[in-house]
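Taken from Swiss-Prot, the feature ATP binding site applies to Met95, Arg96, Thr97, Gly98, Glu99, Gly100, Lys101, Thr102, supported by sequence analysis. Look at Swiss-Prot and you will find 632-641 tagged as compositional bias 'Basic and acidic residues'. The region 'Disordered' annotation in Swiss-Prot covers 632-653.
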Amino acid sequence: MLKGDPSEKTKKRYQARVDAVNALGARTKALSDDELRAKTEEFRERLRRGESEDDLLVEAFAVVREAADRVLGLRPFDVQLIGGMILHEGQIAEMRTGEGKTLVSALPAYLNALSGKGVHVVTVNDYLARRDAEWIGQIHKFLGMTCGLIQAGMAEEERRVGYGSDVTYVTNSELGFDYLRDNLAQNTGELVQRDFNFCIIDEVDSILIDEARTPLIISGVADKPSERYIQAAKIADAFEKDYHYKVDEKQKSVLLSEEGYEAAEDLLQVTDLYDPRTQWALYIINAIKAKELQKRDVNYIVRGQEIIIVDEFSGRTMQGRRWSDGLHQAVEAKEGVTIQNETVTIASVTYQAFFKSYPKLGGMTGTAETEITEFSNIYELEVAVVPTNRPVSREDSTDVVFRSETGKWNAVRKEISRMHKKGRPVLVGTTSVERSEQIAELLDEDGIPYELLNAKPENVERESEIVAQSGRKGAVTIATNMAGRGTDILLGGNAEFMARLRVRESLMQRVVMPEDGEIAFEKKGNLAKSGGNKWAVKEGLYPCELSAETAKMLGEAVDTACSVWGDRSLEALDAEERLSFACEKGPSEDEAILALRKVFNAIEAEYKVYTSAEKKEVLGLGGLHVVGTERHESRRVDNQLRGRSGRQGDPGSTRYFLSLEDNLFRIFGGDRIQALMSAFRVEDMPIESGMLTNSLDEAQKKVERYFYDIRKQLFDYDAVLNSQREKVYFERRRALTASREQLQEQMLEYAELTIDDIVNANIDTSEPVSEWPLEGLVGKLRQYCYYFGEIDESDIRPIAEKGGVNALRNFLVKKGQDAYMTKCGEVEATEAGLMMEAERFFILSQTDNLWKQHLQAIKFVQQAVGLRGYAQKDPLIEYKLEGFNLYTEMMAQIRRNVIYSVYMFQPQRLEQKEEAELVGAGGDQKPNSRKK
């Protein structure tokens with residue numbers, strides 16, 4: 001170990017507890033399955049008696065380690081125990097690729113779920129959430145805990161069950177959107193989440209840093225004429241860059257020139273492009289952004305009539321996400337697809353704000369060290385580097401830099417060809433769909449077979465299948481950013497994964513119920529290429545044909561499964577979970593599980609003969625070679641790609657091929673790199689220069705600082721809105737879950753505060769009482785509540801003269817609250833429980849409506865305060881002040897509207913079978929109708 005190695009420091013810190021867990025190994029191993037399972041209830045009882053999770057850590061980790069060995073055949077290494085301890089303490093564990101992060105999460109998840117408050121394990125996509133729930137979830141189930149899974153498209157009840165489990169596997173987006181939907185619920189029956197307790201984020205840097213700039217938004221439709229988007233797209237297409245407009249790629253912004261401004265006005269026949277009534281400027285600017293900054297197969301792909309955003313960090317599609325402020329519609333107009341309506345934000349939250357709402361948060365990643373400052377400053381999370389189980393023996397070569405892209409691509413092509421001829425597996429990392437397909441075309445010309453993994457749907461569906469076989473001899477895999485791919489690249493191929501795919505291929509078509517339209521689909525011949533089996537894998541995936549004996553055993557096992565479970569009777573998720581359990585070692589009495597497990601083991605053994613031999617061969621050749629084709633805007637993402645090679649001490653190598661025309665250096669490189677481009681004229685000759693290497697590193701650091709500053713600014717501004725959001729959602733939830741007495745207490749409070757507002761607005765206490773406009777005050781109170789009709793100025797002037805404003809206020813508050821109680825009695829006489837339903841409806845509808853308006857208003861404030869920097873004012877301070885004023889006015893408006901609606905509420909008895917409506921000033925919605 002090097003002196004000062006952070007992983008050595010981590011090891012020393014936790015070694016005593018690791019030794020204590022190891023010391024319990026023999027005793028834990030001697031326990032029967034039932035005795036091991038009984039430990040869970042013993043731990044829960046000890047927590048109830050006052051012990052803490054820290055007190056139980058050593059014993060709980062020993063139990064999970066033993067359960068993992070029995071169920072999965074995997075025994076966590078010492079370094080994995082250290083990772084689990086780091087997560088339990090609410091920190092980030094940096095663990096190299098291939099060191100078993102997924103298994104690590106089982107340790108703190110079990111320990112923190114013992115309290116009964118639930119643990120969320122968050123992954124970046126549905127596939128990984130399902131895989132981890134099916135795989136690691138077996139440990140929790142074996143130990144007597146419930147394990148939940150949340151997937152896109154699940155119904156409310158399924159989500160409620162999932163979140164109610166001891167350990168819940170879920171994606172970051174599903175978790176965030178469920179939080180927002182819960183805070184739009186109209187009754188408690190719509191709530192799916194419970195209070196947050198402990199969260200473990202896998203690929204924590206991807207979620208908390210890469211996605212920090214993208215808020216989660218629930219929108220409602222707002223009408224906007226699509227013709228304007230089409231007109232603007234035509235104008236943008238006709239305009240010339242650097243004449244009609246300038247593009248700032250660094251800021252991702254465009255600016256109309258004087259010529260562009262005049263030309264747009266002439267073409268549109270308007271006198272002012274910035275007229276707020278038409279807002280043509282916004283349409284034109286968005287159309288130019290769509291043309292210049294949003295590139296097809298880089299920033300998005302087109303699928304049918306839909307524009308689907310591609311995540312620039314992970315290379316995955318972001319189904320259902322849309323750019324805001326009309327940009328998505330501008331891209332739709334550019335591509336000639338159906339333009340969807342503009343939207344208005346109803347609820348939103350950033351990941352920065354959302355994940356800080358957990359009492360305890362931990363995370364895992366292979367690359368966090370470069371972002372230590374950000375994790376500490378924004379999330380108050382420390383990063384601990386976990387030592388590797390075996391020393392890293394990967395060789396990272398120096399970057400090869402060319403003047404132009406042509407030279408770079410020729411060199412990449414030669415490098416792939418050279419490695420392929422040797423028989424070494426090659427992983428080529430690209431930054432976009434477009435680039436990955438460009439390399440694929442070059443390899444087609446050279447006759448080199450390859451697998452392509454990018455955001456296009458036909459490739460995404462085979463993702464795990466492709467990645468799991470990327471380590472086979474001579475394999476070439478082209479992939480957009482490898483962040484969060486979740487499947488390890490095993491040298492020689494993954495026999496276990498292939499065996500599972502082989503069983504799955506035969507089993508699923510027999511036990512999974514047909515989907516709607518599947519029969520018709522099959523009749524059209526769309527499944528002919530896979531023999532009518534949509535579960536079939538690509539031809540040539542398996543290393544050998546099954547022996548006759550094993551093939552027969554597979555057929556019999558599938559027949560047994562059909563007999564026991566029913567023919568085509570299972571949901572796909574249920575079948576996947578049963579298959580996952582069959583491919584592990586957990587105890588079972590299910591005849592079908594045991595039959596499938598037996599054949600799975602037989603297939604794996606046959607495949608392993610070939611993969612083990614191939615692994616030795618690939619190791620001898622030097623292992624996996626990674627080719628990078630562009631530096632990312634973060635060193636961390638580059639390191640993620642490098643980390644795919646050399647897992648668990650295997651040999652491997654990496655090399656980046658760059659060009660001075662790459663976006664990173666072109667946009668952020670500065671004068672030095674421009675000077676180098678002028679100095680070097682040869683296209684195909686690599687540039688070697690110490691100054692160049694330093695300049696490239698400096699450019700990348702500059703980008704990292706630039707985007708960190710953006711995220712920090714976003715966090716600072718969002719902290720203002722988040723504080724308001726928490727208070728609004730607290731008040732809303734208070735009304736949603738309140739008992740009759742609690743709701744009545746809330747209404748009395750609203751009445752008191754509203755009368756305070758009216759008194760303060762009408763009385764200037766600096767003037768003598770004789771000057772107070774009490775007649776106007778009484779008039780205002782009568783408008784607000786007709787029960788004040790019995791009071792006039794002569795009733796309140798003596799009170800004011802004798803006791804001042806406080807006495808006047810107390811008198812009026814008492815009258816207002818008495819009026820409320822009178823109204824309650826009248827409404828309850830009409831129908832028992834109706835008042836409570838009406839009050840709840842008024843609070844929820846007013847809160848939702850005014851919060852929606854507030855989000856729009858505060859968005860405009862944020863845009864406007866940016867200009868105040870020119871007036872030597874701090875935009876953030878200005879935003880806080882104006883935001884606070886808007887917030888206090890909104891809260892007062894909610895209270896006023898609600899209590900006014902209650903006072904004016906006039907329920908009527910209607911004949912049987914006719915619906916009774918609640919009529920008030922409570923917004924557009926109507927509460928559940930009732931029959932009398």
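Cβ atoms are placed via backbone N, Cα and C, with glycine included.
Model, not experiment: these values are computed from the prediction.
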Other same-chain residues whose Cβ falls within 8 Å of the Cβ centroid of Met95, Arg96, Thr97, Gly98, Glu99, Gly100, Lys101, Thr102, the recorded ATP site, in sequence order: Val104, Gly366, Arg647
Protein Cβ atoms within 10 Å of Glu99 (ATP binding site), excluding its own: 25
Neighbour count (Cβ, 10 Å) for Arg96 (ATP binding site): 24
Number of Cβ atoms other than its own within 10 Å, given for Thr102 (ATP binding site): 18
Counts by DSSP class (helix H/G/I, strand E/B, coil) across the compositional bias 'Basic and acidic residues' (632-641): 7 helix, 0 strand, 3 coil
Those binding-site residues listed as Gly98, Gly100, and which of them has the most Cβ atoms within 10 Å of its own Cβ: Gly98
Among Met95, Thr97, Lys101, the most crowded of the binding-site residues [Cβ within 10 Å]: Met95
